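Per TrEMBL, these features apply:
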BINDING   B:Asp27, B:Asp72, B:Asp205  Mg(2+) 3 binding site
BINDING   B:Asp27, B:Asp72  Mg(2+) 4 binding site
BINDING   B:Asp44, B:Asp119  Mg(2+) 1 binding site
BINDING   B:Asp44, B:Asp72  Mg(2+) 2 binding site
BINDING   B:His51, B:Asp256, B:Trp312  substrate binding site
BINDING   B:Gly118, B:Asp119, B:Arg143, B:Ser207  ATP binding site
BINDING   B:Asp208  Mg(2+) 5 binding site
DOMAIN    B:25-134  domain 'PurM-like N-terminal'
DOMAIN    B:147-297  domain 'PurM-like C-terminal'
There are 2 protein chains.
Amino acid sequence: MEFDLIERIRRRTDTQRDDVRTGIGDDAAIVAVPAGRELAVAIDTLVEGVHFPVGTSPEDIGWKALAVNLSDLAAMGATPAWALLALSTPDGSPAFFDGLADGFAQLAGSYRLALIGGDTTRGPLTVTVAVHGFTSPGEALLRSGARVGDIVMVTGTLGDAAAGLRCLGEPDVAPYAALIERLNRPVPRVSAGQALRGIATACIDISDGLVADLGHICAASGVGATIDAPMLPRSSALFSHFDDAVALDFALSGGDDYELCFTVPADRAATMTADLARVGCGVTRIGRIVEGQGVRVLDAAGNVLSPSHTGWNHFAS
Amino acid sequence: MEFDLIERIRRRTDTQRDDVRTGIGDDAAIVAVPAGRELAVAIDTLVEGVHFPVGTSPEDIGWKALAVNLSDLAAMGATPAWALLALSTPDGSPAFFDGLADGFAQLAGSYRLALIGGDTTRGPLTVTVAVHGFTSPGEALLRSGARVGDIVMVTGTLGDAAAGLRCLGEPDVAPYAALIERLNRPVPRVSAGQALRGIATACIDISDGLVADLGHICAASGVGATIDAPMLPRSSALFSHFDDAVALDFALSGGDDYELCFTVPADRAATMTADLARVGCGVTRIGRIVEGQGVRVLDAAGNVLSPSHTGWNHFAS
């Protein structure tokens, strides 16, 4: 039973990679990092009822468990290579395993990612994925490089996933499909992260909320940041269902967007916007790096706003 | 809160490794594999009530979560380098985190293992660890190399952990301390695994039980195996609390021993026993590889025994 899910995923992905010397089925996988490359490694756990609502489809769980990890690689500018998956579940049904394998494999296939190992056990529903990607020495996008005067930018739109979570309680969720899709099927910004190498001075993916995650860049870089609230990119789906104040709150502190927030020297912004457009990724200038510490949010008149809360802390919530 | 446990472990281990370019605190760690080496990677989850009993101390949980993963590296003959830890827990108390960090760090320190990343979240108590170790190309100990005529050997003694689990139900557990220690504080056979490189034809660690795990070697190698039951190494602690039949059952099918079971050509056995003695590891010849498939257990008269069950399957149990 132990390799059942793992085997189902392997059959669906079937990615042949020369760098996988021994794949699934031994005590450990044996892999080779290409000469001159370094390895980016991340791990993240999704827990039912904490990171995804009870009732989320196994397809969405499989997709999201990989997506949140690929988002960490995207934030480093790394190229995905291999993953491990550890599942604990009370549901040993073939339908559950097939669904989870489908969702995981759909996303993995986009990146020629190979599943190289894993573990399945009976227990409460939690999915842990560890991912590995390649970077060149000195090239990884860290949180610590933001400098006073840099501008702050984000990819895509913010707040949709938090709005989708709110909408799940509605009697009819059909009108909110676009928002719920952002919650359940986040698309990691892998190509965008790679395009930012050598240009962005700092980068992070937005998992806990913009204010909280930009705060991590500020803390690591020893700087502060201001955000211009009116500039925050928000989708038409968000505005069609929520008023301005709620949409702003979702954009500032809603988690699970998995967009990239990054800093660039002001004279590089135009080049960078063109680079991201080439990989199909919209980007918006939302603020700037300043002296001091922490993140301040300014309204259209330049007054400081106090968000209702500053980011979704999985542990504190 | 997210980096709380991870930070506690980092403070306790504080292993400086040149191959860790960016450690804990960014979206991913950046590490470098030494030139000419390949990477062994494994992941395992422990779930409360499945892999360790409710009431197990946080120190023992932290130790065991790393130990079972290092045991996978040991079975490949790999040298441990880095680990990631993902914890889900309902108990956010400093005492719990300190205990878990203590147990993890005690074992990590023995191997100069660096914790390079992790994730802490609220949820049911599960601990997932992913480990990375180094091997040289072609050198890893696989399950697939056993050949007819090889002899089958195991390190240490078998059955103690299963006996320890049984004893936890006793009103006074003090007399069973040695057995319970084997259950809660398994010592991965890392040095033994390294000493087997270039000698053993196949190797596995015994997590599910001897018959089940040797069965994995047989399946991967396309061979069968016979075990001579009277030869199975069992501790005096085991024999002092259990009769022969129960001790045999624990040794054949009890999980959680984390000894190595391996095969060697008959003419290499003596050298190999001396090599393992040099790293302080006892080893016992318990059987041989034969044509066919599956594992047969023979009594002193050479008759086939039927074990009461063939290995502890976490999912089926």
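We number each residue from 1, going along the chain as drawn.
Any Cβ shown, glycine's included, is placed from N, Cα and C.
Taking B:Ser207 (ATP binding site) as the reference point, the binding-site residues whose C-alpha atoms are within 10 Å of its C-alpha, out of B:Asp27, B:Asp44, B:Asp119, B:Asp256, are B:Asp256. For the pair formed by B:Asp119 (Mg(2+) 1 binding site) and B:Asp27 (Mg(2+) 3 binding site), distance between Cα atoms is given as 11 Å, rounded to the nearest Å. Filtering the binding-site residues B:His51, B:Arg143, B:Asp256 for a Cβ under 8 angstroms from any Cβ of chain A leaves B:His51, B:Arg143, in order along the sequence. Cα-Cα distance from B:Asp27 (Mg(2+) 3 binding site) to B:Gly118 (ATP binding site): 10 Å (rounded to the nearest whole number). Each residue contributes its Cα atom, and for B:His51 (substrate binding site) and B:Asp205 (Mg(2+) 3 binding site) these two points are 16 Å apart. Candidates B:Asp44, B:Asp72, B:Gly118, B:Arg143, B:Asp256 (binding-site residues) were compared with the residue listed as 'Mg(2+) 5 binding site'; those inside 10 Å Cα-Cα are B:Asp256. In the three-state DSSP assignment, the secondary structure recorded for B:Asp205 (Mg(2+) 3 binding site) is strand.
For the pair B:Asp256 (substrate binding site) and B:Asp205 (Mg(2+) 3 binding site), the Cα-Cα distance reads 9 Å. Per-residue confidence over the domain 'PurM-like C-terminal' (B:147-297) averages 95 (mean pLDDT, predicted model).
Assigned with DSSP, the residues of the domain 'PurM-like N-terminal' (B:25-134) fall into helix, strand and coil as follows: 35 helix, 45 strand, 30 coil. Sequence-distant contacts of B:Arg143 (ATP binding site), defined as residues of its own chain at least six apart whose C-beta falls under 8 angstroms from its C-beta, comprise B:Ala202, B:Cys203, B:Ile204, B:His216, B:Ile217, B:Ala220, B:Ser221. Same-chain residues at least 6 positions away in sequence with a Cβ under 8 Å from that of B:Asp72 (Mg(2+) 3 binding site) are, in sequence order, B:Ala42, B:Asp44, B:Val131, B:Asp205. Each of the binding-site residues B:Asp119, B:Asp208 was scored by other CB atoms within 10 A of its CB, and the lowest score goes to B:Asp208. Taking each of the binding-site residues B:Asp27, B:Asp44, B:Asp205, B:Asp256 in turn and counting other Cβ atoms within 10 Å of its Cβ gives the largest count for B:Asp27. In this structure the residues listed as binding ATP are B:Gly118, B:Asp119, B:Arg143, B:Ser207; their two most distant Cα atoms lie 32 Å apart.
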